[in-house]
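J.: TrEMBL lists A:CYS346, A:CYS407, A:CYS410 with the feature [4Fe-4S] cluster binding site.
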Amino acid sequence: MATTLYEKIFNRHVVREDNDTYLIYIDRHLIHEVTSPQAFEGLRLANRPIWRANSILAVPDHNVPTTDRKKGILDPISKIQVETLDNNCDAYKLTQFKMDDERQGIVHVIGPEQGSTLPGMTIVCGDSHTSTHGAFGALAMGIGTSEVEHVLATQCLIVRKFKTMQINVNGVVGKHITAKDVALHIIGQIGTAGGTGYAIEFSGSAIRGLSMEGRMTLCNMAIEAGSRAGLVGVDSKTISYLKDRPFSPKEELWEQAVESWKELISDEGAAFDKVINMEASSIEPQVTWGTSPEMVCGINENIPCPEAEKKESNQKGYQRALDYMGLKESMPITDITLDKIFIGSCTNSRIEDLRAAAQVVKAKKIAKNIKLALVVPGSGLVKAQAEKEGLDKIFIDAGFEWRDPGCSMCLAMNADRLERGERCASTSNRNFEGRQGQGGRTHLVSPQMAAAAAIHGKFIDVRELE
Amino acid sequence: MLPLIRHEGVVIPLDRSNVDTDAIIPKQFLKSIKKSGFGPNLFDEWRYLDQGEPGEDSTLRKINPDFVLNKPQFAKGTILLARENFGCGSSREHAPWALLDYGIRIILAPSFADIFYGNCFKNGILPIAISKELTNTFFDKSQSSQGLRLLIDLENQFIIDGSDKHDFDIDAFKKYCLLEGLDDIGLTLKHSVDIKNFENNYHSQFPWLTK
Ligand code: SF4
């Protein structure tokens, strides 16, 4: 029978089934400092061992400072949390990249970078953006802390099957249109709950055309459409990305693995519960104007009027969002003036993102009204690569700050944050109220668009800046 | 985990859709390495007028009198009522921990985000998806002067509103765990032999996944 990619991966991991509730086996467990301490505590209290320690890769990322790391963490509470992770990893002999390790970075950047994310795997992490890893034809999903403890103790997860959705993006995207724009466009179309209960497989020629970095950006944002797992089928790009990565299989095992990975695509004619088709060429650079990623429009559009919304409950939400954002209905997006720029996060902090942003700011200066423009690479290795290519100099010359890797201003658990009322063009994934600092206002965009906004001081169509 | 069989309480009407877990418990409180003590910071940014920091005495802070939790008629509420897509955003289990620590045992909304929905059950909170019409009815009724009291009967799967009874759906396994207050790790470990067998078999089939 023709089977979808999701079902193929799911089926080979089923340990038991009981009334549509499945126990599935987990191949890779990624851990960070925020959602794991209570899980380790629970293990200890119940006196349970870890089932398979070598399935785990741990890294501190949410709380780490992005400057002066040699001084350690100044915030005492953040410090305890990071030290708790260190202690747990030491006690259980887990692989961890500590804060001063060059391989440290955002958990969803380092997994693929290390080859610890492989096709066909089930991958979990106490973090909703685990969906990122689905770009490799893996079933990757975010879990809560109780489930982190469950996986630590049993190597399994209790789940029900998702329904399946296929989103085909056909054709070719225009110049400067990135995976981020495709993702935001999709969320604008289907809404932030559009994918709830589904595993979404992205396919079509525009998706095949994306690099692995782009596919990660897209799958990363699947959770913002409500879907716990985004997937892209394996192709030659997947395989060449993984070749010779530290955790990737070697020699004979590599050959074997590659043979098996080739099957990790949905079969011709496989039935999905829902299919959505989109045309790539119509996608414009996207900018969110509200407090939910679905509140998004093209750069050359105006902010919608709440009255134009079909649903009454949405109208209220739209009005509240406009008030919070300090914006007026019908205002052109290009009239929005910015205070800060953030290029980073597990959505857009990989080398390709930094290259694209650097290209836009090269030999230019950030606008006077921009108080702070940050570039926070996704990992120490991304940072090193960027420096090798001289991207750090391009950013610094333009007036950006060049920081150490971590989550940083994506969620502002460390010192990087927005002050009340400040407005930021951000390459992260959530524009919720207070996400980047209490009272802060976030507009989600691609790296190119954030870079262009830094130079212009307002939003501008990056295609016009050239 | 605290079992839940029947629960009676006052409804707190939070008239918003897409309530995200950042709003339920803002990031600065996620630095705690404990599961308890989050209650005073539930909905922190909406509930107080100043910016909250971990470790503060919240009784000394300026409250936002317009926020629903601060209205006297809802002060003792234990049933939260909200609109679509409740609990979207981050997977932080600190969100249900904060709700539970505050005293919420039931959440009623037309729809929930997946990860949050699952996390609730692990902590003795019952999220119930109800129709939009019923949501509207409950919002209307909770605005009356005496508010709305509901009885939730998990065993028989009923929401009881005076003489009205509304049934609801729930996954059988989740219901069982909640009724018994069961830790599902213990249940899974009863299948250790199955897991071991699966693992051996699986790893011989996919030998590059043993590391
Ligand atoms: S970068 Fe942002 S979204 Fe990604 S893991 Fe860190 S905090 Fe979460």
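Any Cβ shown, glycine's included, is placed from N, Cα and C.
TrEMBL labels come from automatic prediction, so no person has curated them.
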J.: Using the recorded [4Fe-4S] cluster site (A:CYS346, A:CYS407, A:CYS410) as reference, state which further residues of the same chain have their Cβ within 8 Å of the centre of those residues' Cβ atoms, listed in sequence order.
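T.: Here the non-site neighbours turn out to be A:ASP61, A:HIS62, A:ILE106, A:HIS108, A:HIS129, A:GLY344, A:SER345, A:THR347, A:SER349, A:GLY406, A:SER408, A:LEU411, A:SER428, A:ASN429.
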J.: Tell me, how many other CB atoms lie within 10 A of the CB of A:CYS407 ([4Fe-4S] cluster binding site), whichever protein chain they belong to?
T.: 32
J.: Given a 10 Å Cβ-Cβ cut-off, pick out the one of the binding-site residues A:CYS346, A:CYS410 that has the most other Cβ atoms nearby.
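T.: When each Cβ's neighbours within 10 Å are tallied, A:CYS410 leads.
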J.: For A:CYS410 ([4Fe-4S] cluster binding site), name the DSSP secondary structure in the helix/strand/coil scheme.
T.: helix
